[in-house]
Amino acid sequence: MGTRAEVKVMVPRRSLNLLAVRAFEAEMMSLKFVYAAIASNPYIVGSFACIGGGLFGLDISSMSGVLNNDAYKTTFGNPGSNAQGAIVAAMPAGSFAGALLVSYLADRFGRKNTIILSGWIWVIGSILQCASVNRGMLCVGRVISGISVGLASTTVPLYQYEITAPAIRGRFVSMQQWSITWGILIQYFIQFGCSYINGVASFRIPWGLQMIPAIVLSFGMLFFPESPRWLIDHDREEEALTVLADVHGHGDPNHELVQLEFAEIRQQVHFERTEGAKSYMDLLRPGISRRVLLGSSIQMWSQMSGMNIMMYYIVYVFQGAGLTGRRANLIADSVQYVLNMAFTIPAIIYIDKWGRRPLLLVGTFLMGFWLMLVGGLQGGFGHWGTVDNARVWVIDGHDSITKGDIVCS
């Protein structure tokens, strides 16, 4: 019998520690390189956070595509008009709460971390929706997802505004609206594809897949810089200057635009600390209340214009007009969402050139005209008949081409 000789190599503990330190430093250098590469590209920095807007769109069409789904109706006890209205309204209710939380969270923990948080909240809400077995569980999941939407839809435009260059700022903030339309479109066609599946998988699969963008958003934002304005507001001026240099000056802190933005942000922060609103009651002060009223009115009336009926209940609108076949209805509905996405592009391209107010006035006038026309026709000839798809699609297109982008910007 032979014997096996065992040789033990003793490595000093100090050498092991040195190797670990060097490996850690190399890892940090690679992460720093990735961070610098991302921060130096304004189009990546300005557009990636728009995934947060896409979550809003995913939620809108996640319901519109299942309203005439037999498996959905059976699972949730054939919800009537009141019950279905409550299920749909659960998400806006959560959005209301989430929007109120933004003021505290975004100022306390930062824009970047608030966006990351919104992504994980969305994942939780999506899990509950996907696993829901009754209306209560579904509503809770939609409320939680709504909180995420409220956080993301408010924080993402703020983050984009504070981190992008003035020359392209309006364009990138408008992309928030475009991402919403993409979310609506993608989710709707997933719903359409799953309509060929029998059973509960036809609506659970789309609800489960909507977690993926939120996970990408939350992990991806770890590699993005924090808002320089938030950093200056928290007395982290060196970090803010570094972010501005990476984003606007290709790493050069002495770049003219970097210095200009840095000085302007410092002045704004100083003004808000000394003269800015300290509480919600300060928003009612003379000189400020008018601005608050104008901004709130645009946001409010954009939601009360009637477009949400077309977005959430387009299935019922076409059914009421006589288009009752399930897949024929879904195909007709999809045209609205395609045009909704396509007509947002001109506003993104020309918003910085034409201005916000002209686009808002023209789009609102055209959308109002078509809404009154459709309402008058339905009121005068309100019976089952042939659907007038064109008018519904044109209404949605005029809304997308202007008003949605103006509200976001």
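Glycine is no exception: its Cβ is also placed from the backbone N, Cα and C atoms.
Predicted automatically and left uncurated, TrEMBL annotations should be read as such.
For 45-409, the entry in TrEMBL reads domain 'Major facilitator superfamily (MFS) profile'.
The feature transmembrane segment is assigned by TrEMBL to 33-58 (among others).
What TrEMBL lists as transmembrane segment is 86-106 (among others). Here the transmembrane segment (86-106) has long-range neighbours at 59, 63, 76, 79, 114, 117-118, 125, 135, 138-140, 142-151, 153-155, 158, 230, 312-313, meaning same-chain residues at least 6 beyond its ends whose C-beta is under 8 angstroms from one of its own.
Per TrEMBL, transmembrane segment is recorded for 180-199 (among others). Below 8 angstroms of C-beta separation, residues 53-62, 64-66, 69, 71, 205-206, 209-210, 213, 311, 326-327, 330-331, 333-334, 337-338, 340-341, 344, 400, 404 of the same chain, each at least six residues beyond the ends of the transmembrane segment (180-199), sit close to that stretch.
Marked as transmembrane segment by TrEMBL: 205-224 (among others).
Per TrEMBL, the feature transmembrane segment maps to 292-314 (among others).
As annotated by TrEMBL, transmembrane segment applies to 334-351 (among others).
According to TrEMBL, the feature transmembrane segment maps to 358-377 (among others).
Model confidence over the domain 'Major facilitator superfamily (MFS) profile' (45-409) is summarised by a mean pLDDT of 81.
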